[in-house]
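Since the structure comes first, as structure tokens, the remarks are kept for the end.
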Amino acid sequence: MNYPARILFQSLIKSFYRENAGAILFFITMLFLIVAPTHGAGLIAYHHSLIIGLLQSNTFLLLVFFVWLLYTRKCVAFVADVLGKPEYTFIHIFNYLGKAKRFRLFFFVEVCLLMPVLLYAALIIIVGWQQHFYFAAMLVLGYTLLLCTASTVRHVYLLNNLERKTQLSSKKAKWISKLLSVYPVILIQSVANNQKFLWLGIKVFTCGILYGIAQNNTIAQYDAGSVFWFFNFGIIANGVLVFRTREFEETYLAFYRGAPVSLLKRFLGYSLVCFMLLFPEFITIGMLVPVHLHYSDAISFALGSYSLVLLMNSITFLHRFSMKTYLKIVLLITCIQFIFLVFAALTALYLLFFILAVICFMVGYYKFE
């Protein structure tokens, strides 16, 4: 590794992975460690079947491409943020290098930042080539090259036009300020700014495991209960997002409690936030009906997951729980879910959770301190 590449490695690549180490570990755990014993097939067999399903379904492949795009956007935003910091102005000395040299350096940076995506993409390409999905494999290869190349061009452009970037950011802030004045959007924006990688990992795990396991459902062999149970693990993970969003709210948005807004309107606002958090899961459920998931079960899955997230949010208004205590409560809720699942009472379960969510919110909102 030459000296300029070493500088960029320390300044950009190492900083990125240090900042996101926790989220990366969570993602690896969800995708590889927890999923491994599914159906007793083992880790390799599970991911092999998941990749085959991905290559066979254009919709699933487009969903994966979208997730990769979100991750790439995070990498680009991180590099742009670093380039704009005063303590990293020394990086601008690379402008004195030739265009080809700058492109190669930042292409190296982008490949390192996208390494988690590129490794899994390589696995998809290998499996696709072995199973004769040549077009899909080449599409994955072309898309990953496009992500790396476009991101590299963006990095080089920002390095040359830092002042122009600042001007464009100020113009963007004007037209987006109205949208951000809507309170639920502010909370979603906090997730997008502070928890986007965690959100991405949870969505990949939840939607991936739902789609992968539900693909095994046929008219002859149909088991919605086991699908729901694995899907539910991903929904429970959303509790971490809910807890951190509430922490952000109490730290920076405590003034909203004194605003002249009715309690019903506040509850509807939080309901909208929970719905937006689960939007990818709802899309995935819709993709599975009616072949792999009956309409009635799809509705139960959607309402069950929504009521659970709504309840986890409402519980945070009862008391200022620590994360450890909050997770214990979520574990208790999981035990209650298991009891209802044993008796095949999903409808009663989500009705109960909706009622408890409303009661907890109405009782605890103004008493919360």
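Heads up, the Cβ atoms here are built off N, Cα and C, so glycines get one too.
Note that TrEMBL annotation is computational and uncurated.
If you look up TrEMBL, you'll see 21-44, 50-71, 105-127, 133-157, 197-214, 226-246, 267-293, 299-318, 349-368 marked as transmembrane segment.
The list of residues near the transmembrane segment (267-293) in space but at least 6 beyond its ends in sequence, with Cβ under 8 angstroms from a Cβ of it, reads 59-60, 63, 183-184, 187-188, 191, 199, 203, 206-207, 210-211, 214-215, 217-218, 224, 227, 231, 234-235, 238, 241-242, 245, 301-302, 305-306, 309-310, 313-314, 358, 361-362. Residues 4-5, 8-9, 12-13, 16, 24, 27, 47-48, 51-52, 54-55, 68, 71-72, 75, 78-79, 94, 97, 133, 137, 140-141, 144, 147-149, 151-152, 155-156, 159 of the same chain, all 6+ positions outside the transmembrane segment (105-127), place their C-beta atoms under 8 angstroms from a C-beta of that stretch.
Here the transmembrane segment (50-71) does not lie next to the transmembrane segment (226-246) in space: the count of CB pairs under 8 Å, restricted to residues six or more apart, is fewer than 3.
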